[in-house]
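Right, one structure below, let's go through it.
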Amino acid sequence: MPRSTARAAWKRELAATLALGLPLVLTNLAQMAMTVTDVIFIGRLGSQALAASALGANLFTAIEFFGLGLVAATAPMVAHALGRRGNTVRDVRRTVRQGLWTAVIYSVPGCLLLWHGEAILLAIDQPPELAAQAGAYLRALMWAMPPFLGFLVLRSFVTALQRPRSAFLIALAAIVLNVFGNWVLVFGNLGAPALGLVGAGLASALATLGLFLGMVGVVCLDRRFRRYHLFGDVWQPDWQRLAEFWKLGLPIGAATAFEVTIFNAAAFLMGWLGEPELAAHAIAIQIASVTFMIPYGIAQAATVRVGHAYGARQPDQVARAGWCAFSLGIGSMAIAAALMLLAPGLLVSAFLDIGDPANAQVLRLATAYLAVAALFQIVDGAQVLGAGMLRGLHDTRVPMLYAALGYWGVGLPSGAALAFWAGWRGVGVWSGLAIGLALVAVLMMQRWLRRDRVGLLRRA
């Protein structure tokens, strides 16, 4: 390929990745904003309600995120079918329908576990009064799981068709619905009963139902999606495609669970160190979570772009799609890392009154954690981008093993050792997380570089 032609191809791919990735980043941030609005309303109920909601939310997240990973198989399977250009409409329809089946199938045991959330929290030695409040909250919040997983399936479908903006607009509307629902149900406005913490759970469930119904409306009414007839005979089982879906999705779910639960475990370690460490950790991890949404959205775009090229059997385009996404994601995280190093006080001030002398210790600790988080950002971005690129090649089982090794085999043990044995305390926990993420990032990128030699490109 002539140099000018190659340069033009790279520019086109960079523009296409950015056009696809930006709405996904914004949608992810909008979904985070729903959680933030819940915290704001619950915080007005008092510290005990806030603590109970945090307990419940941690359990909900641990269960929900496995399902999130499971239905994430939708995007690479649909993208591959579109790239292959065979019997595309039927193939895409089969995949999306089985994604919806998967959302329902997983939600049944997931909701059963959440229904017994109080018993689970008591079993892990949480305070009985907090466990009781968290259990009541979870019995309301659990109804958000089925529509949320269904929303993710339909969002993956429109994303694979490279039309992600509708999902972002619906997510914005859901934020408004969530705020209104909290105002009505938490405090008993407009004649509704004041349900407190339970009201916050119901508001989230109703807003999430709105997310799903909004996406149903889009795929049924928009002519670009309507021709796929996704809901015709949706109750008809397709066992072969369901098995293929779970074969690809189960490792994604497991890898996602490994990552989410290591952060839950890190919070427990911080709790053992003391209240100031835990408070500083909560602030630093919230900042890191917001910036993580950027490479996470770009990684979702990478899955689609790589998947299209993989289905079309275009190895050069596979490489362009992967490296363009990687460059965008790492570039964004480098900016985030610089901000954490140069202006930590500005970031912390969004969560803490840094002028209050009573907060001096938490400010000092949070600033130290953000210094480690600057490195953390780069490797966290690299690992999620690597996973997204490999997912586009339908490579999920080996990355799952990498996640298990990096997070639980190396990251958590090294964090505990540095925190308690080396005396690094909270900085040790964060350093352990960074070490684990760095290992996963190196392994993911090594596999991407060896994608042809290990036979990933020959499976299309």
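Every residue, even glycine, has its Cβ placed from backbone N, Cα and C.
Per Swiss-Prot, the features are:
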- 20-42: transmembrane segment (TRANSMEM)
- 57-79: transmembrane segment (TRANSMEM)
- 99-121: transmembrane segment (TRANSMEM)
- 136-158: transmembrane segment (TRANSMEM)
- 165-187: transmembrane segment (TRANSMEM)
- 197-219: transmembrane segment (TRANSMEM)
- 250-272: transmembrane segment (TRANSMEM)
- 282-304: transmembrane segment (TRANSMEM)
- 325-347: transmembrane segment (TRANSMEM)
- 362-379: transmembrane segment (TRANSMEM)
- 400-422: transmembrane segment (TRANSMEM)
- 427-449: transmembrane segment (TRANSMEM)
Long-range neighbours of the transmembrane segment (165-187), counting only residues six or more past its ends (CB under 8 A):
23-24, 26-27, 30-31, 33-34, 37-38, 41-42, 44-45, 151, 154-155, 158-159, 193-197, 199-200, 202-204, 206-208, 210-211, 214-215, 218, 222
In the same chain, which residue numbers or ranges, 6 or more beyond the ends of the transmembrane segment (57-79), come under 8 angstroms Cβ to Cβ?
35, 92, 95-96, 99, 102-103, 106-107, 110, 113-114, 117, 120-121, 134, 138, 141-142, 145, 148-149, 152-153, 156-157, 159-161, 244-246, 248-250, 252-257, 260-261, 264, 267, 300, 303-308, 310-311, 391-394, 396
Counting CB pairs under 8 Å, which listed stretch among 99-121, 197-219, 282-304, 427-449 touches the transmembrane segment (250-272) the most?
427-449
Highest-contact recorded stretch vs the transmembrane segment (20-42), from 99-121, 197-219, 282-304, 362-379, 427-449, CB pairs under 8 Å:
282-304
Sort out for me which stretch, of 136-158, 197-219, 362-379, has the most Cβ pairs below 8 angstroms to the transmembrane segment (282-304).
362-379
So if I exclude everything within five residues of the ends of the transmembrane segment (197-219), which remaining residues of that chain have a CB under 8 angstroms from its CBs? That is, six or more out.
34, 38, 41-42, 45, 49, 52-53, 56, 133, 136-144, 147-148, 150-151, 154-155, 157-158, 166-167, 170-171, 173-175, 177-178, 181-182, 184-188, 225-226, 228, 230-231
